[in-house]
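What TrEMBL says about this protein:
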type	residues	note
BINDING	A:Asp33, A:Asp35, A:Asp250	Mg(2+) binding site
ACT_SITE	A:Asp33	active site, nucleophile
ACT_SITE	A:Asp35	active site, proton donor
BINDING	A:Ser66, A:Asn67, A:Asn68, A:His194, A:Lys225	substrate binding site
Amino acid sequence: RSGCSGGGMASCRRLSGAGLREVLGPAQGLLFDCDGVLWAGERAVPGAPELLERLRRSGKAALFVSNNSRRSVAELERRFSRLGFRGVRAEHVFSSALCSALFLRQRLLGGGNGNGSGAGRVFVLGGEGLRGEVRDAGLRLAGEGEPAPGSSEPVRAVLVGYDDQFTFAKLSQACGYLRDPQCLLVATDPDPWHPLSDGQRTPGTGSLTAAVETASGRKAVVVGKPNTYMFDCIVERFGVDPSRTLMVGDRLETDILFGKNCGLSTILTLTGVSRLEEAQAYMASDSAAAKDLVPNYYVDSIADLIPGLDE
Amino acid sequence: DPAVRAVLVGFDEHFSYAKLCQALRYLLRGGADCLLVGTNRDNRLPLEGGAAIPGTGCLVKAVETAAQREAFIVGKPNRYMFDCVASEFNIDPARTIMVGDRLDTDILMGNSCGLTTLLTLTGVSTLDEVKGHQESDCPTRQSLVPDYYVDSIADLLPALGD
């Protein structure tokens, strides 16, 4: 049975042998999450660079969709190269930083790449990678610790991303801007935490967004997975057919649900956040929402996909 | 360093990502042996002119979200503080009045603990909000409605003898 996502619950089947060829054969392309799928920290997952090379040789597209809002796509292109992945260009990479900037450009500039005057400024809670993407989209940034709202060009959006310099003062400043109901509240992604290589966890954008939402009484528009906006960006640029595309990820609540929401068949890889037991628990659950978190297939690592491709 | 047995989140105008990270580290390391406690859930502290500063509730939410667990909340509207007062002072709820300005903390706690509740209008909540809750069908909202209200607690003076 080919990788076609119809109605009914996914069944979390191990992908191997003949099943591999049946699923990969008809696929025109694969969307990959990055952290926990292609690499963990500074180490590529063994066999991952070879998989991408084999996909290229098989004529299948490989695109990348990441909730990580720390890096610009230019930095990500360099990272791919540094970790041994050949032929990945910035245009293939859809990060939540890039897509949040595109989203804000649409809403504040109406899609064109104007000079930004009159469109208002964006207050960004995040690092230089995120700020750069917002600037590259033609938007102007509000500075930190600025005087009261109304004293200069209005702030028309607050963008919450991964911000390891987050402070109470910045939270307070964001809330000041959000008193204007016309000011958008946007979050790059909903992730509550991310794994570190030493087994620790680092708080994610989701935890910071929760603080801003609570203080402002507003709900953020979340750009990243599992919401589908990043898929819209991919389709706009590359015209992908969901029925012939597979989503590969390591996090059930973001990657697998994203695949389900976009009409893609999903493959869970076990080199990252989610455990097989969690997928099985969702499968056994009575809740309809839980069923959407069950992947169609799983592999121990994406290197396991290699035998499914032609020599 | 000795095992940390609790993370306590209160009002912290020096809250930072680094502190959030440290809190998460302790909670993960301690698991069930490390309590997560919040002093209260007030989402904002109003200032004059409609402005407000973020309240402790925001910081509690940030930690809860990162740790994917729920904090034990000491403050109103939870009843822990009332239980502290009642045990120390032998209070009879049927003969005690809770006076407050905030429906979602003071009045809710008073109602939950079986006290008579009195809203004063010199603070956060307005009579319009009360009417909204009164007219709603939702039982949760009904529990935000005070038994009585005054414009200010000074209005109570005439009722008290010389």
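Just so you know, glycine gets a Cβ as well, placed from its N, Cα and C.
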Here the binding-site residues are A:His194, A:Lys225; which one has the lowest number of other Cβ atoms no more than 10 Å from its Cβ?
-> A:His194
Least buried of the binding-site residues A:Ser66, A:Asn67, A:Asn68, going by other Cβ atoms within 10 Å?
-> A:Asn68
Among A:Ser66, A:Asn67, A:Asn68, A:His194, A:Lys225, which the record lists as binding substrate, how far apart in Å are the two most distant Cα atoms?
-> 14
Given the substrate site residues A:Ser66, A:Asn67, A:Asn68, A:His194, A:Lys225, which other residues of that chain have a Cβ within 8 Å of the mean position of their Cβ atoms, reported in sequence order?
-> A:Asp33, A:Cys34, A:Asp35, A:Ser69, A:Ser95, A:Ser96, A:Asp189, A:Asp191, A:Gly224, A:Thr254
Hey, does DSSP put A:His194 (substrate binding site) in a helix, a strand, or just coil?
-> strand
Residues flanking the Mg(2+) site, with Cβ no more than 8 Å from the Cβ centroid of A:Asp33, A:Asp35, A:Asp250 and excluding those residues themselves = A:Cys34, A:Gly36, A:Val37, A:Leu38, A:Ser66, A:Gly249, A:Arg251, A:Asp255, A:Thr269, A:Gly272, A:Val273
